[in-house]
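Quick notes on the structure that follows.
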Amino acid sequence: MDDKKKKRSPKPCLAQPAQAPGTLRRVPVPTSHSGSLALGLPHLPSPKQRAKFKRVGKEKCRPVLAGGGSGSAGTPLQHSFLTEVTDVYEMEGGLLNLLNDFHSGRLQAFGKECSFEQLEHVREMQEKLARLHFSLDVCGEEEDDEEEEDGVTEGLPEEQKKTMADRNLDQLLSNLEDLSNSIQKLHLAENAEPEEQSAA
């Protein structure tokens, strides 16, 4: 029977000193915490504190260069832009101004002369050119397929098909030239602005 009691009783760990059976281990707790925490119950840090401990642990693990640090070697690195309230207010004001400019249409894309309306115009021209280009390809493929299926050319005579294809190609080239000119104007306006700033 004594052997069974010995087997059931927990064995004290060799690394920990043996404590008297009736004593509780007291954990020092600040007075701001509730009284129930002073009984030795485990106290888990809040998620905010855990993140802080992780951050401090990571910063301590970072190697410090011999002549590179401006602060002392024992102080953790801090991001001043996260703690400066005036910087946050300044960024907030800048973002609100940007949002107001966007809604009013005054927002400039590349310079004073280049607005989003011009960029929208260029984008629409690009889409129009792409549609025209692919519609020409599709029309050409459909006509070739019809000729192969029928064995005989139906519809328009060859000369009319050729003149229509030439007209579509001329339209495509003129639209492409307009697009090129619009993009060139945007680039010229963008390059002219830094020259004006350097001259002033």
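Every residue gets a Cβ built from N, Cα and C, even glycine.
Predicted, not measured: the structure shown is a model, and the values here were computed from it.
According to Swiss-Prot, the features are:
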COMPBIAS  1-10  compositional bias 'Basic residues'
REGION    1-49  region 'Disordered'
MOD_RES   Met1  N-acetylmethionine
MOD_RES   Ser46  phosphoserine
MOD_RES   Ser115  phosphoserine
COMPBIAS  141-152  compositional bias 'Acidic residues'
REGION    141-164  region 'Disordered'
COILED    158-183  coiled coil
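With a cut-off of 8 Å between Cβ atoms, the residues of this chain six or more beyond the coiled coil (158-183) that come close are 118, 121-122, 125-126, 128-129, 132-133, 136, 140, 143.
On the 0 to 100 pLDDT scale, the coiled coil (158-183) averages 84 in the predicted structure.
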